[in-house]
Every structure is written in C-alpha cells, then in structure tokens.
Amino acid sequence: MWTARHAVALLVVLTYAYSSILPPGTTFVQSIRDIFRFQEQLKKENVEDTICSETPPESSIPNRDELLELIRKSKIEDHKFDEHVRKKRQLSRISYQEYLDNLGKADYDVRIEEGWTEILYPFGTWAMDKQLMGQAGRETQTNLGFDCPFFGFRFNYTMVYPMGMLSFGLPPFSAPPWTFPNPAWPKQRDHSFVAAFYADAMFQWIGNTKISNVFFRSVHRPRLDDDEVYERNSQTNYGAPNYQQAGAQSAANQQFSNPSQYSQNLNAYSQNQQYNTQLLQQQQQIYGKRKKRQMPGRVSQPGMVVDPWLLDNITRHIQDGYTGANGFRAEHAFIATWYRMAHGGAARALDVSQFEHVKDWQNTFQVVLASDEIRTFAIFNYARLNWTSSNEAGGLDGFGGKQAAMAGFNGGNGTGWYGLPYSGEGRLWKLGYFSNVLTPGRWIHRVDEVIIPAGCTNASNGGMMTAPPWGPMHGGMAINVSGPCLRPADSVKVNFENWQTSCTRLSRVRARCIMPMFHKIGLVPIRMSRDGGQSFPFFGKFYVVNSERAPASVSLKDSVDNKTNRWYEPYAQELALGWQAMNLTWNTGARVDISLFGYWEDADRSHFERIDYLARGISNTGSYSFRPQQLTKQFLLRDAWQKFHFGFVQVALADAEDGVMWSKPTPFPWYHLHEWERYYGRNWPIDMCIEWFEYDGKRNNFQIDLTTDFPCPCKLPQAMLDLGRFMPIMDCDKDGDTSCPFNKGAQHCIQSVQPTFSGSSQQCCYDYDGYLMFTDDWEPDGDYTTFFQPGTPARAHRYGAAPYRLPPFIPTLSNYQLDLNPYRTCCKYADHCEFYYWRRMTNGCQDYRAPAAGYIYGEPHVITYDGIRYTMPGKGYYVLTMSDSPYHKLMVQVRLEQPDDTLWHAHVNATVITGVAVQENDSSIVQVYARKPMRRWRYRTDVYVDGTRRFFDKPHWKHQQFKHLDIRNPLQNMNQSEIVIMLKSGVGIRIFEGFGMLDVMVTLPPSYNTTCRPGESLSSSLNAPRGQRRCYTTLGLLGTYNNDPADDLTTPSGTVTRVQNPTTTASTTQMIYEQFASFWKIDGTNDKIGGVLFQDKFKPIYNPLLFAESDYRPVYWPQTIDMNASRVFTMEQVVSTCQNNPECEYDFIMTGRKEVGLTTLRRQKEFFALQKTGSKQLISCGPLLKKEGVVKTPPAANYLDGDKVVFSCKPKYYIHGDIERVCRNGTWSPGWWAWCRDRNLEYALKWMTALLSIFGISLIFVIFFCILWNIRKKKQAAHAERLQLKEQSDRLNKLENERIFGTSPEKTPLIETDFRSNFNMNQPSRPIPSQPPSSQYSPPVFAAPPPPSQPTRLPTYTNAISQQQRQFEPPRPPRGNMRFETSAI
C-alpha cells in the first residue's frame, strides 16, 4: 500500500538523480531558482520582441581568455562524470576549439547566436551558399537560373562584389566620389547594379583565420513534373539545406554563448514561424502539396537550391510590406549576404583577443532579389552597420571622407539612379534602425520597370499608392492604400475626387477603403488623410475603368453545349457562375451572398439598386449554379421587371462589408420572363420591341448631329486613316477581338472618339470587301439576321460624355440601356430587327471628308500633308506640326538624336526620332519615348501623361481617357510599339517603334484646312500683330495643310522655300535643312514657336554627350560608301535590298544596318498605300432601296461614283423594276427601284391577270356589241319613222289627188299595213276603217287633241322606242263619218 514513506523515498531518489547531472558547483536549490529566473527573463524577452527595437541584441561570444578558462574548468571536472558523459563533454570542447575556424564559413545558423533571425534569411555553407573568393575579380559572376527584370532590362546573370553590390556589368573601378548615372557614359561604363552598401570593403582576418565572407545562392521552386512530393528537410530533396541539422549544430554551441537564446524553437525562416506554418498548411489544403523539381540539367548544388518554403516566406514578407503585391508569388530568388565585412583599409587583427574590437567595426547585411520573371522585388536586410566609409574614400576608421557609402539602384547605360535615404551622406548606418516596412532594418522596393518603394513614410506630406491602381466605375471594390505610416489611433479617410470614404487601418503601412460609385471614367485625383479628414496632405491618382472593359471578378459561365443555358437567353434552364474565393477572403469558412443589381435610367437620373438575392449565406467555394425556374424571388423592388432589364451579379461576404466582386453587365431576361409573359403574353418580345420603338420615336432625333459632325467613312482605308475622329470598337477590331457579337458579318467596326453635344456616338462597320455596311441592305431573312448585322449609331456613347453624371451621358450603362438592350429585344428575342434598324439607320458617307496625313520616319524622312518629300537630318528638339488658331492651338514636337555607333565604330551623322510630345489647347501633355537597347524586351516605348507613367499591357488599359484627349493601343500589341493619340479636335497621331526609332504619322481633319482669303498671304498673316484678323494654318516640318504643295516649306517668319519632288540629292537636302528645317528647332530664340514640352528628367537614350554637342555636321546625302563601311556591306547589296528606294538606301548606308533600311522601305510603302486610298475623296450616291429577296451584284455596298449595281432575285423570287443602276456624280441613274415577288405568288397573279383580262375583254366585247346593237336599233327606228312620214305624206297626197281627180281606192291601201308593221311592231295592227262613199268631198275635221300625259320612263330600249313611236304616230281620223274640208293650202 502506497504510504507517505514511499513518497518521500521516491522524492529523495529523483533529487539525487537530478543532482548527478547538474554542472559542478551547482546545488539543487540554485537550479530551481535559475529556472524561475530564466522564465522571468524569457517573459521579458518576449515582451521586448513585440516592440520594434532600434538596435539588435549584443553578441555574447566570449573572448579568448574566457574560452580557455572554460575549457580548463571543464577538463578538471571530467572525472566526476560517467564514461559516456565524459566523451560527450570532450567532443563539445573539440567543437568549440573549431568555433573560430568555422566562424568564417558559417556552417551553422549563426543568426541565432547573433539575434539576426528576425532580419536575415538563412545563409552560410549549411544553407548551400557559395562563397566569394578572396581575390578580387575571381569567381564573381554567377548564373541566376532565371530571367530577372531590373530597371527595364532583363538579366540571367549577376556579379557579386565585396563592395556590397550585385552588378550586371563590369564597374569602372574608379575611386570615389561616384556619380550615378555616370555622366561620362557612353565613353565610360555605367553599369547596372543593386547596392545595399556600395563602398570599398575587405574581408576581416584574425591571424590566418578569415572571419568575413560573402555568401550567395539562387533559390527556386519545385517543378510540377513528377509524382514525388517535396518534403521539407528530406534527404531525397536533391541536396536541399537541412535546417534541423543546422539547428542541432547551433544548439551544440549553446554552452559557449547565452543559453537563453536557444530555449526558443529554432526558426530557419525568420520570425513568426507559427503563423507561417499555419498559412502554408492552409495553402496546401487549397492548392495541394507542392512537388519537387530538378533544375534543368543538374541537381541542387551549392549556389543553386530548391526551397519553396523559403520562397513562401519571402513572398509573405513582400506582401506584408508592399501594397499591391497580393498577387505576387516569388518563383525564384537570389540571396547574397555580406557577413562581417570590414571597411577598405581596415587593420588586420593578429590575435583572437582582438575579436571583440574587430567585431564592433564589421558590417553584416543581405540583398534578396525575388522574381516571378515579370515582377522583381529587392529586399535589403541590414543586421549590423558599424562603418560608412573606406580609407580609399578618405575616411578615418570607417567614417568621414570625400564620399560615404551609397545604397540604391542604378539602371545602367544612363538610365537612371534611385537612392535610399541617407545614401552618400555618411549616415547610412541608420538604415539598420529604420525601415519602410514593418521590420526595422528591412527595406523593400519593386525594381522591374521603375523603382517603387514599399511600406510607408513618416513625412508630413507626400504621395500615396493604391492597390489595385484602378477600379470599376460601379464601385464597391476594396482598395488598399498606403503612404504615411499609420498609428493605431489614426482615422484614415480618402477622397476619390469629390467622394470621401472612411477606411479601415490594416497595419502600420496600409489601410483598406471601399471604392465609391462613379459616373465617369478616366484618371481622377485621390487624397489621403490620417486625422479624420481635417487635412489631406498625401495625394495620388486613380483610374476609373468603364464597366464593360473592367476585368470581371465574377465570371458568368455560358454553356458551350446548350446555347439555351446562357445568361442572355430568356429560357435558360440552368445558369452557373464562378469567382476566385481567395480573392474575397482567406477564411475558408466564410459565407457569401450572391445578388442581382439592376440599372435603369430615365430622363432625369439613374438608378442602381439591388433587385434580388440569388443565394444567401452559401459557402465560399468559388462557384455556384441554379435553375431560374426554381428561383425563389423576394421582389426587393416593386415592378422591377418594367425597368431594371440588365445589371450586374455581385458576390459579397455575408457578414462583413469588406469589398465585393462584380460581373460584367448582363441582361436579366431569364429573371423577368414570368412577369413579362404574365403582362405581355406569349408574344412578349415583339410587344416590348414595339413599345421601345414607339418610345424611342418620341425622343429627340440624335442622328441629325451625327450626320453633320461624324459621317461614316465610305471605305475601310478611310476609316483606318482617320485616327483622330474614329477608333475601333473593342469587340469588333480586325487587329484585335474579331468576335463582333453585335455586328456579325463585319470585318471591322469603328466608333466616333468624341460624342456629339447630345451624347450620341457614330458607329460604322465594314464588310470583308472594305465597303460600308448599311441597314438598308438588311432584310428580314434568317441568313441576314445571323450573318449581316451592320453598324448602327448609338444614342449614348460607350465611353460617356460630359457632364457624365446625368443620363444619357453615363459610360457603358446608358449605352447598354438605350442601344444594346433594344437590340437584344428586337433582334435576338423577337426576330424583328426591322424595328431596331428603322430607329438606328446607318448614316451614309455623302458628307464625309477624308483627313490629310503627314509622315516622318527613318533618319528622318518627311512626307508633308500636301505631298512634298524631303530628308531632314537635324538634331535636337523640333516642331513637327503646330497651329496657333484660337480654335486649334496645337503643338507636336519631336526629339532627334544620333543613333548608336556603326559596326565600324563611327558616329552616325544622321538622326532618328526618339521622343514625341503632344498638347492641344489646355489638354494633358503626352510624352512618348523610345527605349534604350536591351530595354525593349517587354516594352518598346515609355508613355507619360502629365509626367505620370502609363502602361497599356492589359486589356482594360488598352484605351485610356485623359483631359481632352484619348490614348489607345491595339489589343494584340502587348509591347507598346504602337501608340495612337486622339485629340479632342479630331487630330490623330500614330507612333510606331522599330529598332529604337519612332515613326510619327499625323492626320488632320478638314477643319484644319484653311485657305487665305483673296488679298491675304501666308507671310503677312504670320507677321501680323496679335489680335488682328489673320489667316491661320498648320506649320512645321510637316508643312502647311491647304492643298497647295508650293508653300509647304514655310518658316515661322513666313519665308517659303519652293522645291519639287524628288529631293533626294545632297544639295537639295542641304538647302531644305538650312533654309527651312533649321528654323523649326526649339532653342528658345523664337517666341512664335514657344518652349519645349519635353521634361528634362527624360534624357536622350543613345548618347547624351553627342546630343549636347553643338558642332554637329550632318551628312545630307551619302554619295559613296566609307572605306570602313565597305568591309561590312557593298553598294550592290544596298541597291538590291532597297529596290532603288532612295530613303531606304540613305538609312542603310548611314547606319550600316540592313534591317533599318528594310524597315524604312516597308513603312514608306504602307503609308503610301494607306494614304492613296484613305485620303481620296469619294463620292457616294447612298444605298439603293430594295425589297425582300433582292440580290445585289456585287454583294458589297458599291454605292460610290462609277459603281454599277445589278439587281436580281433569289430562285424563289421574281424581279420587278430596273435591274441595273449606275452611280454618277452622287446621283443614281433614273429608274424604278428593284423589288422581288415570291414566284408562286407571281404565277398566281399572272393567271389571275390572264383570267381577268379574258373576262374583261369578253365583257368589253359584250358591252361593245350591246352598244352597237343599240345604235343599230336607233338607226332602224329613225329610218322607220322617216318611212312612215313619207308613206303618210304619200297617202295624203294620193287621197288629195283622188279627191281632186275623182277616183277612190277600192280597197285599203297596202301602205297602211306596211306602216303599221314597221312603226308599231309591238302593238297589234288596227286597220283603218273604210270611208263610206260620198259624192261630195268634205275635208276631215280634226278635233282638238287631248292634254298630254306624262310619259312613263321605261328602262329598256324597246319601251323607249315604243314611246317614240307613239310620239310620232300620226293622228287618225274618227271612226264615224268623216268630213273633209278644203285645206287652206
């Protein structure tokens, strides 16, 4: 049973066992006290570590006497220990005796004993570093193993020097003082270098032991090319450094130093190991484990190792200190460490007892170049700086002298110098106490293109940085800002132009702000305050990108297999979207909301509101899909289906407002489909299209302004030449994106650069024959709808218009609602494009006037606006073209300098263009420079706007807007070798780069073409006093633009030099140079020209010394080849290469470079070809009207003067009208417009016509027969009447004769019968009663006729005749006895 006695016995045994292993002379109680004291000391050190101390802890290395005393005491106490413990103690003493010898090799982690783990990365032979030889100039060059961009150059090697620098070229080895860049370049070397401590230094020796060294190695990541997983500290990692073994070696030395420093966990990668491990484990869970890599052609070896863990640690330090490096990942690094270096001329220590004294005069620092072969960061780590000058510089004991040590970056070849604080001032030791990041003694800079410091500044004012430097105009994006160092109590606010936002402090170097919504695009000023908005002493610039061109953080995934499942389709069954989850938050357990934000604008204001949630509180997995039919709508906005027809998809954290992610603009037909069908019915597309058609027709006619201000060019060459007034549409560019989603069948589409007063934009498209496509040629046919979509004017410009904030001047959004959405509704959903094209008809080119173009190229050769060609070998700053008009105050200047020396080491006595500067009125000043040789691997030009460097290497940077001008770069041109500047007046300037030379083409709109009035001359106008009425025109090396070549060569004073082409002779070239071109040099002597637009900080790129010389004598035109040049090429080679082109031969002979001559030849041919077709004034008759089914031959829009158009019909149609028309003098030949009818309908109509014709003819015949029959009847009736009257007259005469002569008829006369039969056919005949015989004749007595009765109108001819017969029937005698009386006659 366990008792107290057993417990006491066990305690005594444990105490005895513990006392047996204690050092001699140490009691048990003292050891317990030491433990508590150690814990208190450890707590103090942990507290001190959390505070940024200015000085690193002092070293605890004992001196030689103390070392010997420790060894002697240790030997005396050996007999008290067991055999195995005694052996361990003996091995420890032996290793300590080797301490000094190993000190210079650093074959263990010396950072721990010196307290440098917080500032230096692992170095030494244990880390597989190579060592610099003690002899100067030997084994200094090393292979980096990667391409390292630095100051615009690109290097794959470096040279390590003891003087504290990594050089990319041989230094001049001149004595201080030094000046960088070297002003004597190129006569003297000006080497590129990275210097953490540029001063004469030497290795320190103690006796024959070297305790100083320079270590270096390159570090790389594993290559993902095998299945073996890279394991840290594995023996199979191709010789990677073993940090556990190095830590054990350092622990073995703890008895010779302060034991408290070794009680901590060894951290081979610097500070915050626990955080680093968690971060790496999290990354492994997300991205998987890294695989190891074997470097090309070799395994890991001293000086070149694989260590992804170290690269991750370097990446984290860069991301923590540099705002904007979150997307950076160090793939390679080069680490060089200068360990215990003494100043040049320092005394050599002879005994180890002098170690402490020597140590106090040593410098230890480190340079790290980390790169992903695109971006490069330089890290300077200063562990200990104890001297600042060398004896060679005149210093004494490491201080003073003519020039102290320098720290910074030199681009080399006269590129430029960037110095760190205190550089060359004798106070460089302060760099070890201060920092531009969070760790004292560490300085981080980005060095690939321009030198950009990381971190923050303690100055009271200065600049600020944003990351990213741009944002979408709809805002909501998280922007990191840095500039001043931020204290915990600081209240940070940032003004984005006029919008103030409150920011969250993240660390001492950065804060995070939420970008506000903008209604404009372009460069806006930003200001930063850390006192709550009372003052804004830190400033910078921020670029607002339009929503259409901004990179989409949320990707809307359209189905490839099923075209119905796309975001713009109304009947989509399933939709998917994705986003980068880690760009939103590193918290894998975070929840996100997915929302729909809609946009709508009326005539007064715009509305940007949340419509609904697609999902709430879902996991941040980076993807989401849903079925629109099963979507539960919350209807956050009432009647949103009537207005908010498009918008954005937003992904945001569900529980924090820490920035959001946006998609690109997208329509919402799948969301509003149910409401549309319920309101409009099944035919909702056509009803909505007609509704828009009627609404748009009530608005102002914006096309009137476009017809007068920006008529479309007639052909594609004109559109390509008109650089200042038109630019390509980004998604329909023959030199870029050719998808043309809204203009199928077009080869190239353009839009007007500047909007009209009403904010509209002209848009023109050209087919593959180069002709303008017209909406009049469209017809409602399936093929046309799919493959023929001409350009249409836009009511709202894609890039907006001033004042921007009001509709319809808002970039992208106004255009989407007023132009793109109606197109989708009418053309895509309703299949009735005719409604859209009736409201957006293509403008013709009848009013278009082509621009004039001038060109300067080669060395240099000039082609004026009116066609004069000459060569101008001047040097300096010259006026290329200018205008002093009150409406167009234009200035374009060029910088001409001599190129590189020839292969036979002779100066080229000709010049090339290396810089262009442009300004119009009060616009921004644009400067474009060529780059030095070896600096053209990534960018071919440098572009500065108002002194700020601008890049065009990303899709959303391809078009940028500034004050009164735009700059664009072709989409597929990633090296900035072509820059186009578009001024507000319509002037276009295209700059090409080739072999370090710039070619400049200037196009002027017709508004610059001015002709002096009668009685005025150009000379009198130029000399007229200001304020007096004068004739303004363009002047300069490109001549005057007035369609008169005679006065092209006019000086500022009005003197005209008259020449005629060709001018390719030495005498003519000299005359032009001396009498004309030299007067356009900007040297400050002519007030009419003005000053230089170029900034002084941008020096000549070839030879600044030659550029400054005034005794330059050009070669006007080479007649023969120099003797030295004949050893490189022959005249026969020149002639055969240049094809008898004088300009090509000039450049070939002067430079001795065949490629330069061929470039001149090619550029000249391209310009002449473009000018010939682009500057030609074309006469257009406009499109011819045609109906459905009409086929025009040729199929292109041949509507220009002299074009013949032949019309035909498709096989199922039949043509009508005139089938051939000719355009003459802007008018079509007379004729009926062609139209086609369906063949079946044509046949039916023809049969119907034939039948109707037959029926009509028959009817006409019947009618004609009836008419003739009626006429015949009338004639017969008239004839019968005449006969009746005649018979009656004859009968009366006969009766009279009988009375007179006494004869009487024996019977009734036959004439009575005939009369009855002829004149009263429709009534029965009534015989005349016989007269009783009487011997006495008595004339008949006629009674008075009865009153006439109204005859009855009968519709038939028979009744009419009968009525007529009754009318003309003679009176009949009475039936009784008739008594005739003698007639009066």
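Cβ atoms are placed via backbone N, Cα and C, with glycine included.
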According to Swiss-Prot, the disulfide-paired cysteine of CYS1209 among CYS1223, CYS1236: CYS1236
Choose one of CYS1181, CYS1266: the cysteine that Swiss-Prot connects to CYS1223 by a disulfide bond. CYS1181
Do you know which of 234-262, 408-436, 1017-1045 Swiss-Prot annotates as region 'Disordered'? 234-262
Summarise the domain 'Sushi' (1179-1238) as counts of helix, strand and coil residues per DSSP. 0 helix, 27 strand, 33 coil
Cα of ASN1009 (N-linked glycosylation site) to Cα of ASN386 (N-linked glycosylation site): how many Å, rounded? 71
Using a 10 Å cut-off on CB atoms, tell me which of the glycosylation sites ASN313, ASN909, ASN1225 is the least crowded. ASN1225
Taking Cα atoms as reference points, rank the recorded positions ASN562, ASN921, ASN975, ASN1124, CYS1209 by distance from CYS1223 (disulfide bond) and give the first. CYS1209
Cβ neighbours of CYS1181 (disulfide bond) where a neighbour is any other Cβ within 10 Å: 23
DSSP-derived structure type at ASN1124 (N-linked glycosylation site), helix or strand or else coil: coil
Which one is closest to ASN583 (N-linked glycosylation site) in space, judged by CA to CA distance, out of the recorded positions ASN156, ASN386, ASN975, CYS1181, CYS1236? ASN975
Using a Cβ cut-off under 8 Å and a sequence separation of 6 or more, which residues in the same chain sit near ASN156 (N-linked glycosylation site)? ASN143, LEU144, GLY145, PHE146, ASP147, CYS148
Taking Cα-Cα distance, which of the recorded positions ASN909, ASN921, ASN1225, CYS1236 are within 10 Å of ASN975 (N-linked glycosylation site)? none
Which one is it: of the glycosylation sites ASN313, ASN921, ASN1124, whose Cα lies the shortest distance from the Cα of ASN413 (N-linked glycosylation site)? ASN1124
Can you tell me which of the glycosylation sites ASN562, ASN1124, ASN1225 is spatially closest to ASN386 (N-linked glycosylation site)? Compare CA atoms only. ASN1124
Within the domain 'Sushi' (1179-1238) only, compute the mean pLDDT. 86
